[in-house]
Structures are given as structure tokens and as C-alpha cells.
Amino acid sequence: MTHYDAILLSSFGGPEGQDDVIPFLRNVTAGRGIPDDRLEEVAHHYRHFGGVSPINEQNRQLKAALEAELAARHIDLPVYWGNRNWAPYFRDVVAEAEANGHTELLGLVTSAYTSYSGVGQYREDFEKATAGTSVSIDRIREFFDHPGFVQPFVEGVTDAAASLVAAGVAPDRIHVLYVTHSIPTAAALASGPEFGDGGAYVAQHLAVASVISEAAAPAAPWSLVYQSRSGDPRTPWLEPDINDAIGELAAGGGADAVVIVPFGFVSDHMEVMWDLDNEAVATAGEHGLEVRRVPTPGVHPAFVGGLVDLVLERVDDVPADERPHLTSLGPWPDHARVTSGAVVPSDAAVPAVEATTR
Ligand SMILES: CC1=C(CCC(=O)O)c2cc3nc(cc4[nH]c(cc5[nH]c(cc1n2)c(C)c5CCC(=O)O)c(CCC(=O)O)c4C)C(CCC(=O)O)=C3C
Ligand SMILES: [Fe+2]
């Protein structure tokens, strides 16, 4: 048994009004040289929705759902919620937890895959937030192939394919587009060079997509595509972009319909609402393709239950060979514990990718 005092639901954060948008974007891009015109472009996405990202409300709902699931299973662990880029910030939440006598936190990070954005940045922010405190933060493993994360997508693709078939589309004329956040190719490689050019990041996505397709739409061809690239246009990022992929599919006559599966994200936040529901759906329409967009896990009971299972496997020190995983890449190893500004190796082997991403 490993003792924890509380869970720290850890996420990206988002603006909640027009005045928040630019300070939020400055937080996100601090020191990373994102061109101003791109910042303005992103601000525009938020402005369109009143300056409000849905992500904070989705995390409040996830926190409530986790609390209900923990209570139903008689697990006495309070849930704190903190963000990297907007209030409640990690450093404030860590101070609040410490004041309440909660110093051994288990971080539940809302990133399913291995990348600097989803792993290294959180570790660095945990280090900053715990520096000079008595609080330590452990983190659950990347859960890309955990049944609780995969099941909602299997249901979503199954429903989308059924709805297209009901609309008269032949099952093998549906193309399933698994879409995730593009990252620089160098960052992808750094996420785990032992997995090939795309690193652990691409390998994990390919493995999960194949599991979902086999279960939900075995007759339909599929591909892995990317969204939301940003940064310097001269820097290579993972491709193809989903809009280019839709154009090429239509030009090649390879499909009558596309199913868009945003399996890089756990909730329908801004990047889903704007880049997919707005842009990619329009692109499909322009090319005369039927389109369905599959929901993200959100507060799906399988996802919420799966997160609690991921907490329990750490509390109970469940050995790797007994941990649920749906691909041959899993179960992904645990991380080093962050304590008082330092990373202390945990008992489990920490993969090289964790230390070297990006
Ligand atoms: C891999 C990945 C995830 C998934 C893993 C995870 O979930 O953590 C993710 C999630 C998210 N990204 C988000 C928002 C943004 N990401 C940006 C910028 C970037 N993301 C990157 C990668 C990722 N991002 C990268 C390589 C950049 C380039 C700049 C940099 O080197 O970091 C920018 C700056 C402007 C721009 O460049 O577009 C914004 C505003 C939101 C919140 C949405 C909302 O408000 O609802 C969420 C959940
Ligand atoms: Fe991002």
C-alpha cells in the first residue's frame, strides 16, 4: 500500500471571460516564441465564445464525478483541482492542500499520451508548485490504452458508423479519422526514440486507433491525422492536418463519409469545438462527405470509473502485469514522485522518455 492524502486533478486551464484571454495565452506561450499573429488567431477562437473555454467547467464536472465515484466505493480521498495555465493554479492548490494537512498528493493529469506537453510540462510545474513546501506529488501513468479511456471512443465510433449506415453509407465507404494534437516532429521523436520516428507519442496513438477500429468499425479504413498545429511554419510538425486529409480522401474518391475521433483529448474543449466542430466538419461538408464527430470521454462512467481504478492501482501497488491495458505498449510505467522541488525515483522503473521528452 502507498499512502496518499488526496488526489490532485491536474489540467491545462482556460479563460473564463474576455479579460482572461490574453493573460491566459501569455501563460500558455510564456518564453516559447509563438508569433503574435497566431496568438491573435487563437484569441479569436476564445473571443467567439465570449472569452470562455469550456475546459474549466468540464474539469469541475469531472471533479464532481470523481468525488461521487470515490464516495460510492467508500474511498476516503478528497479531490483537489489545479491547472497549469489558469486559476486555480497548482501553487495555490498545493498551498491549500498543505494548510489542510494534505501533503501526499496523487496527480491525476488529464493527458492520456506521452509528450512534453502532457508529461514534462506537468512535472516541471509540479516541481515549481511544491518547491519549499512539504507537499509531494505522484502521478498516475499515461492511460491512453486503459479500458476506461478507450471504451467511450469504442461506443462513439460504433454509434457514428451505425448512424452513417442508417443514412445509406456502405460500411467500407466510411473512413475513420483518428485525430490528435500535432506536435513538432522533434518533440514526437523525443517522446521515445525507441518507438521510431514518431516516438512514443505516435506509437501510442496508432496502437489505440487500431484497437478502437477493430472493436467498433472493422470494415472501415482509418488513418491517424493531426489538428491545431501552431508555432513557426518552418518547424516540421506531425502531419497530415485533418483538413488536408479530408481533401485528399475526397479527391481520391476513397470514402463517402468520415468519422472524426478526437482521441487525443479527454473532453470537448476549445480545440475540439473550434478546430473540429467548426473547421474540420465544414471541410468535410465542402467536399461533399457525410461527417460524424465522436464525443470525448468527458464524464462517461467508464472513464470516471477507470480514473478511480488508476488511483487504486497506485494505492494498492498493483504489479505491472496485473494492470489493465489494451495495447502491447501498455501498461505504461509510473512516474517519479515530485517532492520539494526535486524528482525522487519511484520504485517502478521510470522510462527514459519521461526525462527526455522534447
Ligand atoms: C499535445 C498537446 C495537448 C494534449 C495533451 C494535454 O491535454 O495536455 C494539448 C492540449 C491543450 N492545448 C490547449 C490550448 C493551447 N495549446 C497551445 C499550444 C500548444 N499545444 C501543444 C500541444 C498540446 N496541447 C503544443 C506543442 C503547442 C505549441 C506551443 C507550445 O510549445 O506549447 C496554445 C497556444 C496557442 C497555440 O499555439 O495554439 C493554446 C491556447 C488546451 C486548452 C483548450 C481550451 O482552452 O479549451 C488543451 C487541453
Ligand atoms: Fe495545446
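The backbone N, Cα and C atoms fix where each Cβ goes, glycine too.
Just so it is clear, the model here is predicted, and its values are computed rather than measured.
Annotated in TrEMBL:
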BINDING   S53, Y122  Fe-coproporphyrin III binding site
BINDING   H181, E271  Fe(2+) binding site
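Location within the structure of each feature annotated in TrEMBL.
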residue: S53; record: Fe-coproporphyrin III binding site; Cβ contacts under 8 Å, 6 or more apart: G14, P15, E16, F24, Y46, H269, M270
residue: Y122; record: Fe-coproporphyrin III binding site; Cβ contacts under 8 Å, 6 or more apart: S10, R84, G107, V109, S111, R139
residue: H181; record: Fe(2+) binding site; Cβ contacts under 8 Å, 6 or more apart: S117, Y226, Q227, S228, G264, F265, E271
Per DSSP (helix/strand/coil reduction), S53 (Fe-coproporphyrin III binding site) sits in coil
DSSP says H181 (Fe(2+) binding site), in three-state terms, is strand
